[in-house]
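Participant: This structure is in structure tokens; I'll ask about it shortly.
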Amino acid sequence: MTDRGTNNDDWYIVDEAECRDDDESELEDLEDTYNSLFNRSESDISDLLDDTQQSQGNSLELFHLQEHLQNEQDLNTLKRKYLNSPPQASATETACNSLSPRLESITISQREKKARKQLFTQNDSGIELSLCQDEVDNINEALQEQVDIVQSLGGGVRDCIGVDILKCSNTRSALLAKFKDTVGVSFTDLTRAYKNNKTCCSYWVIAVWGVTSTSVDVVKTVFQVQCNYMHVEHCLTEKNKFLIVLAGFKAQKSRETVLNLVTSSLNVQSNYIMAEPPKNRSMAAALYWYRRSMSPAVYTWGEMPDWMAQQTLLNHQLASEKHFELSQMVQWAYDNGYTDESDIAYYYAILAEEDENAKAFLASNAQAKYVKDCARMVSHYKRAEMSSMSMSAWIYKRLEEVENGGDWKHIVKFLRFQEVEFISFMIAFKELLSGKPKKNCLVIYGPPNTGKSMFCMSLLRVLKGKVISYVNSKSQFWLQPLASTKIALLDDATKPAWDYIDLFLRNALDGNPICVDLKHKAPQQIKCPPLMITSNINVKADVCWMYLHSRITCFEFKQPFPFDENGQPAFSLTDINWKSFFERFWSQLDLSDQEDEESDGKPQQPLRLATRAASNSI
């Protein structure tokens, strides 16, 4: 150590710290002061610092516990997503539980454990215990109400109510699944679906779930009165009971009627009944019913349906191989008077259940072609037949299709009501039917609502005439109907129509041959048939149509057509009254006697295109 008196101008290097006694004493005094400050019992902040030894603990166990809790939470989330919700209480249980809180704990069957704990099951406040005795007295009454509710579900199903069907949102899907499990065949494979409950059908397939064996005899008794054929089968398994009925009713019934019949007979709800018509054109469905009918466990009554026999029996299979013949279809349309393609197609398709040729027609892929050819051939035959007939023969043929019992006086009274001289009208009408030159057109004019169109239309309807309309005059084919009729009508002719007639149809009014342009054919020369015209214009009073005055015969209707208090016409201009009119004035109209014409060696024989079927022996 250097002396303290060393000169400060030189460098000074400190190698060791110098210790002095006075510094040590100062540190000791400071430590004593610090200890005395924090160790006094009077201090409120004693033991402020925790200087005890610290331990790390088991952090790995804590992490494992947290990870386990997270995994359990994820697993519960997946279970809630993929598993069904807990079963809900049924309507019967809810009704019973609502009677009393204590009644819920009393049941006949075994109860399922609840998911939650029941807390405070016994209240020792004294109030609940005082009410317990009164509620126990009403237990028998509540149980009796519970039994009544169960019995109201139906006698046929109360013994085997399935929880899965009662709780299923789609009852029909559940019934279809149970039907397939019980029978082994899908219900939709045996039936075809009717969306409307009002649609009627003769045959119905009925499947009733949950019917006991005692109710089967009721079905046999009730259905036997209303059915021509009945197939009853009771399918039993460990889980399901199905009653299957194939019923052929005497009259067509809708689904609503069938459901009402079954519910009233078996005392079951309509939710447990499936009713659809059978697939009568399915070979597989027909074979199923045929094979099941041979089982001793199946009750059958009545004759086998035709649709089933045609697809299962051998003789029907051989008969179904018949090919379609167009001549038979044309013969049928000709005999029934069908000339429109839509009518021919519709009514011949309906005939398929009875006629083999119609059945072959439905099985063909060229139905549209056959219908078109049939309509065309019938039109040709009808036109040729009409052309070969005289006016007397045509009227006689048309009147044969009308019933008897008319009164000719209605027509005569109507003509007198319109102030038309009856003798003059009969002369003009006779000349019109005979086609006398210059007398081939009959005009009826007058104010509106006098019955002009009604009078002419009724006559045209009974004679099967045709109408031409001036609205089609821009077409060159608007006169084509004149080539295929015996009498025609131009209704409500206006001034442009009379101008057209004055320019182009003078020779037609004369009754001379005219040339008519036909569609898809060359122009054809025909004799214009008798023509009736209704109009509000008096042609003979106008000089501009002076060349038509000698070619037409006019009658004026002056009075408005009368109606009774019910809105019905006062004069009945019907087909039967026109038939009576022609029969009464047949000779006055110079119509020939058809019986004399047949005796002259010209028998009226209907057209025969195919051999008639031999009549069955009596």
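Any Cβ shown, glycine's included, is placed from N, Cα and C.
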Participant: Quick one: sort out which of 47-72, 593-618 is the region 'Disordered' according to Swiss-Prot.
Facilitator: 593-618
Participant: Pick from 99-108, 119-128, 249-258, 519-528: which range has motif 'Nuclear export signal' per Swiss-Prot?
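Facilitator: The range carrying the motif 'Nuclear export signal' annotation in Swiss-Prot is 99-108.
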Participant: Around Lys527 (SUMO cross-link), how many other C-beta atoms are within 10 angstroms of its C-beta?
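Facilitator: Its Cβ has 12 other Cβ atoms within 10 Å.
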Participant: Rounded to the nearest angstrom, how far is the Cα of Lys527 (SUMO cross-link) from the Cα of Asn449 (ATP binding site)?
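Facilitator: That separation, Cα to Cα, works out to 33 Å.
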Participant: Just to verify: the residue among Gly446, Pro447, Pro448, Gly451 with the fewest other Cβ atoms within 10 Å, which of the binding-site residues is it?
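Facilitator: It is Pro448 that, of the binding-site residues Gly446, Pro447, Pro448, Gly451, has the fewest other Cβ atoms within 10 Å.
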Participant: Can you list, in sequence order, the residues of the same chain other than Gly446, Pro447, Pro448, Asn449, Thr450, Gly451, Lys452, Ser453 whose CB lies within 8 Å of the CB centroid of the ATP site?
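Facilitator: So the extra residues in range turn out to be Thr534, Asn536, Phe557, Pro560, Phe561.
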Participant: C-alpha of Ser453 (ATP binding site) to C-alpha of Lys527 (SUMO cross-link): distance in Å?
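Facilitator: Cα-Cα distance, Ser453 (ATP binding site) to Lys527 (SUMO cross-link): 25 Å.
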Participant: List the same-chain residues at least 6 positions away in sequence whose Cβ sits under 8 Å from the Cβ of Lys452 (ATP binding site), in sequence order, or say none.
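Facilitator: Once residues fewer than 6 apart are set aside, Lys452 (ATP binding site) is near Ile444, Tyr445, Gly446, Thr534, Phe557.
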Participant: Can you tell me how far the Cα of Lys527 (SUMO cross-link) sits from the Cα of Gly451 (ATP binding site), in Å?
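Facilitator: About 29 Å separates the two Cα atoms.
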